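Contents: one structure, followed by commentary.
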């Protein structure tokens, strides 16, 4: 019979074949799947638009009139190149994230082809994509004392297929009443700076104040377009500069006395702020220490303007070594938080220093649903928090006005999140600190919460011995997650042991963007593939591959207390009830490994609630059609340490007293697996220590009794955290080892045991 077609049907399962993304690896695609379900390159670009992208694997007729329609409403003109490949131009959007688009080849009558475009924050696209304001500071201080001369703009001239180009000036404004329905954002073409210049990739000029009232626009950017387009024509191939303070074209009054001009602007801004609602009362407080700020990855992320891993170049925050920003904008006003720390790890406050962190009326990254102020990515923030910083702090000496409106938040109401981890031959550390090993084979609920419908599910697969045969243990091979109606994210090892991240069943590429704004979450991948998922509730999930298994950490804010269940237990500060079943009955924490195995089996998921993608024969047969908990797989519960086994000696020196490390070396016969388990275990302990530096005040830590050395004495009888004991030897004896030992957070004494030798 006739095969179904994917025209207008991408993402659907049809009667005779599939147009879903999983169809390729399953070999069940409709014959025209690749023609209608588009793959594009590049797949991302700035939300300012004007980027040319190629439609791969679909050949078009040279006479086709190509139209590209984004979000079913914004139409841009495409074209067919000499090689028969179609191209689209991305549009100006006031939002970030994946944007659906369709393509027409009959001048807009029908749009049978479809794909997605990733719209990116203007500061997060690569520098090569924009034109460069050479010595950007000079552009932004032009006309202030001692700043003049000519300005230079450079660009990659191959980006535009044109012999001559125009350079335009665009301005950003928000009209209507603040925080009302009629508040609108607009990028507006102002004027053309220069026409018909050769497309050489460089242009220098001596700026003069713009004519008319254009010289009052103080925030905007430049656009380079081919000269054959008319002025300000929207959504055509173009190169934008970075957004900047337009000092270089401001009116004569600014050039005559920039300090007076900026002071007036600063005072005007201050009066406006007086009438706006106080956003400070709804933003999250800062973490108390740098260690906490870097550990709370579900709620705070590095501020690229001050990053300890990039050498702490903190232009706007003198004295700081690292700043973080709150990931989520505040609920009502879309405001942002920033927190900066000095070299001792202490928070810097604006009350003490101009290097202190300043909160933002507009979150720099914008916030869903975007589209309207104050939620426009980057630009709302510039208008409320950055250009005002130029008025008050950079172009004039009135920074006290700014700091009064943007004081640092301290950490009085900050509460660290709770962390739970799973790693190795899977070992589980619950939110409340219980630890156990569960070697089931299948798919299980790690944590679920009725507070936000958060679900994190884990899949285990059998570990392998060095000779390739199956081991008597398992490890995490995939983790899938969702909160409320967010996108579904899955991180997994593919069959050839590559780490893959799936967004709603589609494998993602991080080749162009490492940060993505998705539905209900942000996703970040480091170059060495540490994946962080940051849900809108403030919960965070971190996953990395280590030794062939996944290491997983879930961070939950305090509001999840008493709202979790699953293998990671009931988060309530009490480990005693962490073995709680679905039916709310509990099992003693002193249960045997066999009983723990039965407990884990009860948390197997069902197909109806599974978040996993089954896109290969192996996954379908092993996990979809098979049992969710494979009852026929019996792991080893307590591996035997054979003194004659040559591996045992190496294991002892590698693992020391770490029971998880020992377990994994014995079950997988691999020191490498044992070592990555040891590191994951260590990382979890450090994380908890960083998040809860004052746990020691809640728990009395004792390092245990210390004896005096033979032929010597000690002073002190306090063995609690922070106490120090000193040792001396009797006359005629000499002390080796430590003269002084202190009780540490780990519960161990510092130094080495003392001895008195003649």
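Just so it is clear, glycine is given a Cβ too, placed from its N, Cα and C backbone atoms.
Under the heading disulfide bond, TrEMBL lists 729-756.
TrEMBL lists 2-41 with the feature domain 'SMB'. For the domain 'SMB' (2-41), the list of distant contacts is 53-58, 88, 103, 111-115, 117, 505-507, 613-617, 620: same-chain residues at least six beyond its ends, Cβ to Cβ under 8 Å.
For 258-406, the entry in TrEMBL reads domain 'AMOP'. Taken through DSSP, the domain 'AMOP' (258-406) splits into 54 helix, 17 strand, 78 coil.
Feature annotation from TrEMBL assigns domain 'VWFD' to 418-611.
According to TrEMBL, the feature domain 'Sushi' maps to 701-758. When pLDDT values are averaged over the domain 'Sushi' (701-758), the model yields 86.
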The domain 'SMB' (2-41) resolves under DSSP into 8 helix, 6 strand, 26 coil
